[in-house]
Structures are given as structure tokens and as C-alpha cells.
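Peer 1: Handing you this structure, nothing more for now.
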Amino acid sequence: MEFSTADYSIFVLLLVLSAAIGLFYALSGGRQRTVQEFLLANRSMGFLPVALSLLATFQSAVAILGVPSEIYRFGTEYWFLGCSYFLGLLIPAHVFIPVFYRLQITSTYEYLELRFNKTVRIFGTVTFIFQMVIYMGVVLYAPALALNAVTGFDLWSAVLTIGLVCTLYTTLGGLKAVIWTDVFQTLVMFAGQLAVIVVGAQRMGGMARVWHLAEQQGKISGIDLNPDPYVRYTFWTLAFGGVFMMLSLYGVNQAQVQRYLSSRSERQAVLSCYAVFPCQQIVLCLSCLTGLVMFVYDREHPLAPSGTHRTPDQLVLYFVMDVLQDLPGLPGLFVACLFSGSLSTISSAFNSLATVTMEDLVRPHFPGLSESRATLLSKLLAFGYGLLCLGMAYVSSMLGPVLQAAISIFGMVGGPLLGLFCLGMFFPCANPTGAVVGLLAGLAMAFWVGIGSLVSNMGRATPLANSTVPPPINLTTPAVLATTLLTTTTPPPSPTGLQKFYNLSYMWYSAHNSTTVIAVGLLVSLLTGPTPPSAVDPRTIFPVLPRLLCCLPARYRQRLCCGVRFPTQPRSAFPTGWAPCQGTRPRSRATGRPPMRCRRRPSERGRGGHGTAAGPVLPGGAVGPR
């Protein structure tokens with residue numbers, strides 16, 4: 001199972017074209033001379049490239065390897081995860097995107113300062129950086145390791161080549177290059193997966209025969225309405241637990257939100273969220289069909305030689321190399337598909353890390369930083385994170401069995417961060433103390449359950465058929481990459497106590513951890529004194545309860561706003577940099593209070609792109625007072 005010249009040619013072509021896109025945007029147009037151009041593509045992107053970039057970030061290399069192995073092991077129950085995509089994208093489109101886009105922020109964590117204070121913003125930023133730095137090296141090293149084990153493809157040549165090419169086009173071309181390479185790499189991923197399915201099904205006598213044989217073996221699952229959260233996959237677990245997983249990824253993750261903010265308008269950002277929905281369904285179907293074809297093929301043509309150690313992420317590659325070995329170029333196409341997933345995910349990580357570091361940690365301390373210096377520093381940060389990714393890949397190779405614990409950190413952080421943003425956006429009474437304590441409580445709960453599950457499952461692994469190693473780790477999506485690893489074995493028949501708690505389905509992890517943040521944050525806020533309504537910027541709140549209970553009389557809906565008075569004008573009518581305060585309405589007959597003056601956001605001072613040196617820009621081009 002060696003690569004041919006055609007395979008290497010296709011693989012190299014992928015790298016060359018990816019690097020060429022970065023060079024093109026570095027040498028044309030605005031040439032990434034401003035922070036807005038480099039980090040937000042000058043807010044000029046249309047909805048379709050943004051949607052495909054969102055999909056590419058979601059569809060990482062570990063998903064291409066992991067989802068088919070899940071179908072191979074557990075059947076098509078995982079297919080019902082597609083039900084969660086509807087709410088998982090509808091809520092970000094109509095809740096998170098409007099709030100973030102109208103604030104005209106660059107980093108998601110700027111929101112936390114506007115809603116709470118600078119301390120909460122720093123806690124959120126550091127948590128995100130920790131999450132992504134750990135993940136970057138693993139998402140680069142893991143596919144290369146699987147490829148090396150199956151094909152003999154040189155491990156460190158693959159790691160260094162992918163890492164350096166990704167660093168090159170991300171540093172030179174900025175977010176615009178990242179988005180357009182994601183579009184190209186998405187098309188490569190579709191082509192690679194489709195080629196494997198078509199050729200594999202043809203060799204097994206057609207897709208109808210594959211489906212029939214898989215059904216005979218019990219791999220075609222029906223709807224399991226069991227509400228038990230300790231069962232790995234049920235309809236409720238996938239359809240509702242998956243919603244929280246999707247929200248942590250598409251609602252508040254900086255890598256995804258940054259793409260929304262690069263859209264030329266709020267409408268384009270919302271359309272990108274809608275456009276990614278059918279694309280995700282197609283990707284899920286392709287991955288599930290790959291798993292079914294692989295399962296049937298393995299029954300008639302064992303994939304791995306007898307006595308060979310195999311894990312599920314390697315199973316997919318064994319299948320591809322066996323099915324496509326007589327078709328020069330197609331194995332190279334699938335490897336290009338695999339590493340396209342790595343490129344898209346890692347480049348997104350580089351760009352988002354450079355953004356949060358620049359906007360949350362550097363600019364607040366150097367408000368007088370010139371635009372040219374800020375742009376250069378952003379590029380250096382992206383380059384530095386690229387080198388750090390290569391270093392983390394080397395560390396990952398040295399960890400051995402601890403590698404699972406390193407990967408698990410990613411999934412354990414997504415839920416608490418989702419809870420932190422929901423606490424601020426949906427509960428006006430939450431205060432900064434409650435936000436910090438809630439985040440720490442959510443992280444503590446996540447690590448307790450996650451590490452406890454990992455430890456309790458060690459030594460109790462049930463080997464795969466024809467395998468002498470523990471069952472595979474499931475590498476599905478970036479948001480749940482880690483949590484899946486914590487439940488790699490079939491739960492024991494009747495666990496009790498903490499043992500049962502540690503066998504909670506990984507699909508509920510985000511829901512469990514985000515709920516912990518909200519509950520603890522509200523309790524601490526009430527004990528330490530809720531945030532006064534006059535101190536809450538209405539732009540940072542989404543009045544979810546008044547909108548859900550719109551049939552109630554107005555006075556009851558106003559009480560549900562916790563005293564926060566929203567302007568009668570639409571939020572989009574207010575210029576960027578101005579906060580419509582509670583008193584923008586006429587004098588109240590009940591209180592007699594005069595209208596309050598609007599204020600400018602503290603974070604806008606000294607920043608380009610949102611005003612002028614004389615003051616914020618008002619409608620019509622006039623300059624407001626400083």
C-alpha cells in the first residue's frame with residue numbers, strides 16, 4: 001500500500017494551490033495593510049464563501065477519520081445528529097450573530113468586557129487560548145500518525161509540510177486567504193469522500209446491496225427514544241445534546257464568529273449560517289455512507305492483515321488504500337481530502353488566536369499602537385502560533401497514552417465558554433463576580449467528569465474484532481473531539497454511583513457544563529448583588545424570555561427584562577460606537593426620569609475603523625463630541 005507518483009502529485013498540488021491563494025491575497029487588493037483587512041477580510045465577504053469556510057472548520061481531518069469509524073462500530077444512530085443542526089444553526093443566526101455583528105467587535109471576548117468587565121474578558125480569552133493551543137498540535141499530528149501507520153507516508157515530513165504551508169498562507173494572506181483556501185479545501189474533501197463511496201459501493205455490488213447487508217448485521221438503526229443520558233447514542237441525546245455542542249462551536253467559538261464578522265453585512269452573516277445547514281447534512285451523509293461501505297467491505301475483504309494492530313481512525317485509511325489501490329491518483333485525492341481538513345482547521349486556529357491575542361491582550365495595554373504596527377504584530381502573532389503548532393505536534397508525539405487527556409481538554413472547555421456567553425446575554429442580573437465564579441465552576445465540573453471518565457474507563461476496554469488494542473477514539477468534530485475520547489468504550493452493564501456519572505454520554509457534556517456555569521453564575525450574582533439595570537448596556541442583552549412569551553401583556557414582558565429598558569428604535573439605527581441607553585425613551589410618567597445620554601464604548605477609544613480622532617461618526621457623516 002504505497003503511494004504512486006500520481007498520488008504524490010495530487011497531494012503536492014493541494015499544498016501548492018493553498019499556498020498560492022495566500023500569496024495572491026498578500027500581493028493584491030489591500031495587501032493586508034490594516035488590522036481590519038488581515039483579521040476580518042475588511043468585512044467584505046459574501047455568504048457562500050463564509051458558509052463553506054464555516055463547514056471546513058467544522059469538518060476537520062479527525063471528523064473524516066472518526067465519523068465513519070463511529071458508524072462502523074455503533075451503526076447509523078449517529079446519523080440523527082443531523083437533527084441538532086437545525087436549532088444549532090437557527091439560534092446563532094437569530095441570537096448570537098445579531099448581537100456580535102451590531103457591536104462591530106473583532107474578538108468575541110470584547111463582548112465580555114462590554115457586558116461585564118475587563119477581568120471577565122481576560123478569563124475568557126485565556127481559556128480560549130489554552131483550548132486552541134492544546135488542540136492545534138494534536139489535529140496536525142493525529143492524522144499524520146494514522147497515515148504513517150497505514151501507508152508508510154513519512155510522519156514528520158507530513159507534519160512539517162502541512163504546518164509550514166498553513167503558516168505561510170495564514171500569515172501572508174490573512175482571513176481572506178484562510179476563507180478562500182477553506183472553500184478550495186472543502187471541494188477537495190467532497191471529492192475525496194465521494195470517490196471512496198462510489199468505488200467502494202461499486203466493488204460491493206452497489207449501494208442497495210451495501211444497505212441490505214448492513215441492515216442484516218444490525219447496523220441500520222431506528223429511532224431510539226430512550227431518554228437515558230448514560231446511553232451513548234439515542235435520538236434525544238443526539239438531537240438535543242447535540243444542539244449545545246453545535247452552539248458552543250457555531251455560536252460563540254472565535255474561529256466561527258470571526259467568519260460571521262467578516263461578512264459585508266449582517267444579512268450576509270445570517271445567510272451564511274443558513275447556507276451551511278444543507279452542506280453539513282451532505283457531509284454527514286457522506287461520512288455515514290463511508291462507514292457503511294467500510295463495514296460491509298471489511299466483512300468480505302478484511303481490511304488489516306491478521307495480527308495487525310488497528311484502531312478505527314486507521315480503519316478508514318486501510319479501507320481507502322485497499323479499495324483505491326488499482327486507481328492511481330485516487331488514494332492521493334483522499335489523502336489530500338484528509339489534510340485539507342487539517343489545513344482548514346489549523347489555519348482557522350492560527351487566525352483566531354492571533355485575533356484574540358491582538359484585540360484582548362495587546363491593544364488594551366497599547367491604545368496608541370499605529371495601524372501599520374498593529375497589522376505587522378498581528379502577522380507575527382499568526383506566524384508565532386504556526387511555529388507553536390509544530391512544537392505542540394512534537395509534544396503530542398512524546399505524550400504517548402497521555403495524548404487522550406491532552407485532546408480531551410478541547411471539548412471540556414467549549415461548554416463552559418458557551419455557558420459564560422449565555423449567562424451574559426440572557427440574564428441581565430448576572431454580575432462580573434458571578435461570571436468568573438460560574439466559568440471556574442463549569443471548568444472544574446468539566447475536568448472532573450472528563451478526567452474521571454477517562455480514568456474509570458482505563459483498563460476496561462473491549463477490543464475490536466480482529467484487534468489486540470483498545471477500541472478506537474472517536475474524533476468527530478472540533479467541538480466534541482475531546483469529550484468523545486472520554487467515552488471510548490462500551491459502558492459497563494450496571495454502573496452505580498460516581499461510576500455511572502462518569503459514563504454520561506459525551507453528547508451531553510456541553511449541555512451539562514454550560515448549565516453549571518449559568519446556575520452557579522446566577523446564584524453567585526444574586527448573593528453578591530445583581531447588576532443594576534442602569535449599568536447594563538442593552539446592546540449586550542438578548543431578551544429571550546420576553547420574545548418567547550410575546551403573548552403576555554407588555555408590563556409583564558417588561559418585568560422579564562429585569563428592569564433593562566430597550567430603545568424603541570431598532571438597534572441597527574444607532575451608529576457604531578454608541579450605546580443606546582435605557583433612557584432613550586421619552587420621560588417616563590411613572591418615574592419622571594429624564595432621558596439618559598448615550599455613551600461611547602470604552603474599548604472604542606483610540607481604535608481605527610469605528611470613528612475618527614474627533615469622535616464617533618454619526619449618521620450622515622457628522623462627527624460627534626468626544
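Even glycines carry a Cβ here, placed using N, Cα and C.
Any TrEMBL annotation is an automated prediction that lacks curation.
Annotation comment: TrEMBL describes 6-27, 47-67, 79-101, 122-143, 155-175, 187-205, 233-252, 273-297, 333-356, 376-396, 402-427, 434-455 as transmembrane segment. According to TrEMBL, the feature region 'Disordered' maps to 576-626. What TrEMBL records for 586-600 is compositional bias 'Basic residues'.
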Peer 1: Count the CB pairs under 8 A between the transmembrane segment (122-143) and each of 233-252, 333-356, 376-396, then give me the winner.
Peer 2: 376-396
Peer 1: Is the number of Cβ-Cβ pairs under 8 Å between the transmembrane segment (47-67) and the transmembrane segment (187-205) three or more, considering only pairs separated by 6 or more positions?
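Peer 2: These two segments touch.
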Peer 1: Could you tell me whether the transmembrane segment (155-175) and the transmembrane segment (333-356) have 3+ CB pairs under 8 A, leaving out pairs under 6 positions apart?
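Peer 2: Stretch pair touches.
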Peer 1: Where, among 79-101, 233-252, 376-396, do we find the most CB pairs under 8 A to the transmembrane segment (155-175)?
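Peer 2: Out of the listed stretches, 376-396 contacts the transmembrane segment (155-175) most.
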Peer 1: Can you tell me which parts of the same chain pack against the transmembrane segment (233-252), counting only residues 6+ beyond its ends and a CB-CB cutoff under 8 A?
Peer 2: 54, 58, 74, 77-78, 80-81, 83-85, 87-89, 91-92, 95-96, 108, 223-227, 273, 414-415, 417-418, 421, 477-480, 505, 507-511, 514
